[in-house]
Amino acid sequence: LSFSPQSFSFSEDNKQPKTMSIQRTKSIFKVLLFFAIALCIVFLTAPSVRTPECRLEGSMMLVPLFDDDTGLLMLAGLGDTAIDCFEVSTSEPFLTQVSHCMTDASTRGIAMVPKLALEVISCEVTRVLQLTDSCIVPISYQVPRKNSGHEFHDDLYPDTVGTTPAMSAEEWWQGGNKQVEKVSLHPGKRPKPAAKQPPGKKELPSGGSKEDQPRGSSTSSSPLSTPSSSAAPSHSPSSTSGLSSGFLPSPSQSGKTIQNLMGTTSKFRHIQGAVMHRDKHITNIRNLNLTTPGECDGFCVNRQRVAVPLAISGGQIAVFERSGPGRQPDTALPTIQNSVNVADFSWDPFDTHRLAVAGDDAKIRVWQVPKGGLKETLTEPKLVLQGHTEKIYSIKFHPLASGVLVSSSYDLTVRLWNLESGEQVKVLTGHQDQVFGIAWSPNGKLLATVCKDGKVRVYDPRNSTAPVQEGPGPEGHRGARVVWVCDGKYLLVSGFDNRSERGLYLFSADSLSSGPIANAALNVAPSTLIPFYDPDTSVVILTGKGDTRVYIYEVVPEDPYFIECSSFNSPEPHKGLAFLPKTECNVRDVEIAVGLMLTKTTIEPVAFTVPRVKKDFFQDDVYPDTDVWWEPALTASAWLSGSNGQHKKLSLKPKDMTPVSEAPKEAPVRKYLPSSVYLEEKTDEQKKEELLSAMVAKLGNMDDPLPQESYEGVDDEEWDD
């Protein structure tokens, strides 16, 4: 406290202190002292306010990434090998450490993946990308939940900021303060991306419109969203308001109402994948090659055997017989020695003993596996095809003609081979960069390719070496695959967009130049999705090498084109998934596909089944007559001369099963008694009689002898005196 000296001024006249001034000064001093004491008390009794503090080890600068939706704060030091995750709260404790992740390499940069790219069904709440000296490593943060992989958990995913700008730059300069509209992360409520619609688009005959033939009444339980997902909430027909009232709409109106509420669903939406019993596994596979090129499927199978590449010098391939599952010996196995690294290999669909192998030396070697499998190492191929000038990408056998093979190479050409004569017959040109994938049309007339130059091409190889059609393909340059779907009238391409996000693209085979008519974004992952298409069910099964998840879609020739079904998750990353002929499916268990999954040391069969109630009947709506594609329709020379053919058809119905379409109609069983039973009025005497009857029944008959009366007593002579 400071005092002014003027308060103690003296009079000029009598040199005496002014009494009034001194008294006033004392009063002011007392007041100021009182306020000082009160201020000290306030400071001493007030709760302490501290700044939240958390100390982390390390001397590098920390890069913070904050997720406003979840309150998660990611901290990574440049040059460090640790990434810390904290939960930020507005109350104590302000910072709670969630995880401390140690990475294999030092961090050079870190970024957070947008929320719309997360796998919300797998309870992934955030994902960061770590930049190292040589690669980009995704780090995922997931919340463990009981129904993870099957249900959307609303409490984990509040509405997040969308991707549509709230205003233009000019509006902001003028003082606008609009906020970006928030969107839901629910797979069924995400906005549908706009798809290009070519003029005059043709559709396959479906026997009716979408409204007249709804595919189901419940939404898919699968994890990811697709352009086919509806923004309307999902309800079952029994719980839909209005349908159970006395004023029912007409059948056509009812169908439209349900269709609008549910969106298009698939009868395969609840498909289930399961690994078969261990006694069918091939285990203890040693020296497996896990670094096959991206254009290779990783391994190949047929009805009798499996070919697997080995990480042994000389490009060796092991062949396992499916008839002999179990643990393989620890000793060396007989193999096929190609003398060069293997780029791709494929079984002849019409000869389970013939294996074609493409090598780094631009040659294709055709091997003949003896009956009963490999007993000794093979070193001399039956045929060697030469013509490419650089390393080969991939090879594919013709689907109808025996002895016709196609190959693509780094020399930017696609070549056709006649195995009957061992000669090259066609050289297809027009590619400006690496050919990612090739695929024959179902009728064997056309050949489709997808290229790194961003083009999808269709060739008529018997009539022209140049493409007959060409259109824009996926924008990403990391890899792609192509397959013909919907009776060969559409092309399905799996690839990457310009943000390295995996996706599916559907093209009309008659108008490639118009671009994709539909697309579906999946997730961010490094491996290319390898598609398997079942023409009987129009179901496509996709997975990548190193993935744990298998995506399943039904492809339809009308909007929404992609109908997502439940996915299958393997317990550990697999190195490949190849499928067997339809005759390997157990129709009694409603298996629609059976594949073999390659892991680090095992080959495990996986069955994909459709849940059905009446499994005692043959599900003829799931099993139409299938193509006998393992038998050739014509020879190589006949096809090259211009002949066409088609496969025979085969019914999968066992003789002792009745088609479900012919199953007897069961009368509906009433679950509850009619209301007249409950509304019937009874007299008091009737109620008393019923009560007495119930009590007597509970106590039993009073005339019955007691249990102890049947016991035998002790003889008098046996008593001791």
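Cβ coordinates come from backbone N, Cα and C, glycine included.
Remember, predicted model here, so these are calculated numbers, not experimental data.
Look at TrEMBL and you will find 28-46 tagged as transmembrane segment.
Per TrEMBL, the feature region 'Disordered' maps to 175-258 (among others).
Here TrEMBL flags 200-214 as compositional bias 'Basic and acidic residues'.
Per TrEMBL, compositional bias 'Low complexity' is recorded for 216-254.
According to TrEMBL, the feature domain 'DUF1899' maps to 262-326. Per DSSP, the secondary structure of the domain 'DUF1899' (262-326) breaks down as 4 helix, 22 strand, 39 coil.
Long-range neighbours of the repeat 'WD' (385-427) within the same chain, counting only residues 6 or more positions beyond its ends whose Cβ lies under 8 Å from a Cβ of the stretch, are 293, 295-296, 343-351, 356, 358-366, 433-440, 442-444, 447, 449, 459, 461-462, 465, 629, 632-640, 645-647. Marked as repeat 'WD' by TrEMBL: 385-427 (among others).
In the repeat 'WD' (428-469), helix, strand and coil residues by DSSP number 0 helix, 18 strand, 24 coil. What TrEMBL lists as repeat 'WD' is 428-469 (among others).
Marked as region 'Disordered' by TrEMBL: 644-666 (among others). According to DSSP, the region 'Disordered' (644-666) comprises 3 helix, 3 strand, 17 coil.
If you look up TrEMBL, you'll see 699-721 (among others) marked as region 'Disordered'.
According to TrEMBL, the feature compositional bias 'Acidic residues' maps to 712-721.
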Same-chain residues at least 6 beyond the ends of the region 'Disordered' (644-666) with CB under 8 Å of its CB atoms are 400-401, 443-445, 582-583, 585, 587-588, 612, 614, 616-621, 623, 625-629, 631, 633-634, 638
Helix, strand and coil residue totals from DSSP for the repeat 'WD' (385-427) stand at 0 helix, 26 strand, 17 coil
The predicted model's mean pLDDT over the repeat 'WD' (428-469) is 94
